[in-house]
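Asker: Got a structure for you, questions after.
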Amino acid sequence: LRPGQGTRDHPPAQAALRERLLSAVVSCFKRHGAAAIDTPVLELRETLMGKYGEDTKLIYELQDQGGELLALRYDLTVPFARYLAMNKVTNMKRYHVAKVYRRDNPATTRGRYREFYQCDFDIAGQFDPMIPDAECLKIVHEILSDLQLGDFVIKVNDRRILNGVFAVCGVPESKFIPACSTVDKLDKAPWEEVRSEMVGEKGLSPEAADRIGEYVQLHGGLELIERLLQDPQLSQNKLAKEGLGDMKLLFEYLTLFGITGKISFDLSLARGLDYYTGVIFEAVLLQQENEHVEEAVSVGSVAGGGRYDGLVGMFDPKGRKVPCVGVSIGIERIFSILEQRLEASGEKLRTTETQVLVATPQKHLLPARLKLISELWDAGIKAEMLYKKDPKLLKQLQYCEDTGIPLAAIVGEQELADGVVKLRDVATREEVRM
């Protein structure tokens, strides 16, 4: 017996770790004033189609139900856009933590599943430029710092800058999106490979590819933005100029938040999804392999997001737009990193939160245990007892050790006669009568 391909069970230790992780993320979202929403796992097929570019083939489609064609949600962003359009909501700050479904080929790609959690935070509404965008980056910075995953960098770019680069390098507009998805591979493949895909598969001229190469290999901070604003070609391009102006503003806000040390303006960042329109960002964990290596290597993306100003309008019959910016925390990737760490450390994670075990040292005292445990439960105390009429005291204390219960409340004949309870600290073996 096994669960379906690309899915998995979470035994208690994993479920406990996952709950701890999710609560850290959610408390950050709440700290920033977001309200929770929930949407159905099932969406109309037409809601999802044509929103994900090349990834549309990964949507789980369901059988026809009396003329209704449904599919499982692929992410939490498109359902959010549908929700905003349907309810004519024009501004909202929301978070959503839920499972999504992708018909990926799970065996070939490690850490990719067909069912997994996403944790999203989004700000919808017409606001002054880059203020909500800066907050999204601050949230990523807070969460990754809080979870102590090690060193990380948040790469930032803008779709308009990228499109401007393509335009001044002589790429026809019809090839912007394919060129974009090729540039996106630069974090995993060297420039030579990316260049040959541009020329070979995407049909760009070698000259255009070389000119793109001069830009997309650049990364830096405010000084790079200033330099590109002076670039004779880019500064002539309306889109790129807008994007760079906003990027400069964004960096000013991030400086005020005090987080620019972890932010890199990176022209190779493209992000695969079609619906991004402005700022895009991605956080990657860095791993110092050993002392001899100067460059930290990336362990992979743990958060991503960006601005998608056109998505809500796609659902509105009148095409009314609601600007949005949001971030998704890659909880599965983070979860597997923390899980491996826990395994390596050999530390045991408690799977329950029991505070006290009600125990008896002699026989025929089950009634005393039942009465006491009932009082504890009614007082809101997390308590357990063994499901045996006359367990041995050693057995009961051993259970505390095995499951990490810190206290044992012992009621023997003497305690009953004196109307007290003996409270034992399991770790130090100290006892007090109360």
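Every residue gets a Cβ built from N, Cα and C, even glycine.
Quick paste of what TrEMBL says about this protein:
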DOMAIN    1-361  domain 'Aminoacyl-transfer RNA synthetases class-II family profile'
BINDING   D75, L76, T77, R102, Q118, D122, R271, Y275, Y276  L-histidine binding site
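I'd like these features described in context: how deep, what's nearby, how far apart.
Answerer: For the domain 'Aminoacyl-transfer RNA synthetases class-II family profile' (1-361), the predicted model reports an average pLDDT of 90.
Cβ-based neighbour count (10 Å, all protein chains) for Q118 (L-histidine binding site) stands at 19.
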Asker: State the count of C-beta atoms found within 10 angstroms of the C-beta of R271 (L-histidine binding site), not counting that atom itself.
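Answerer: Other Cβ atoms within 10 Å of R271 (L-histidine binding site): 22.
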Asker: Enter the number of other CB atoms within 10 angstroms of the CB of Y276 (L-histidine binding site).
Answerer: 24
Asker: Rank the binding-site residues D75, T77 by the number of other Cβ atoms within 10 Å of each Cβ, and give the residue at the low end.
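Answerer: Across D75, T77, these binding-site residues, the one with fewest Cβ atoms within 10 Å is D75.
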Asker: Find the longest CA to CA distance in the recorded L-histidine-binding set D75, L76, T77, R102, Q118, D122, R271, Y275, Y276; express it in Å as a whole number.
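Answerer: Spelled out: the longest distance between any two Cα atoms in D75, L76, T77, R102, Q118, D122, R271, Y275, Y276 is 21 Å.
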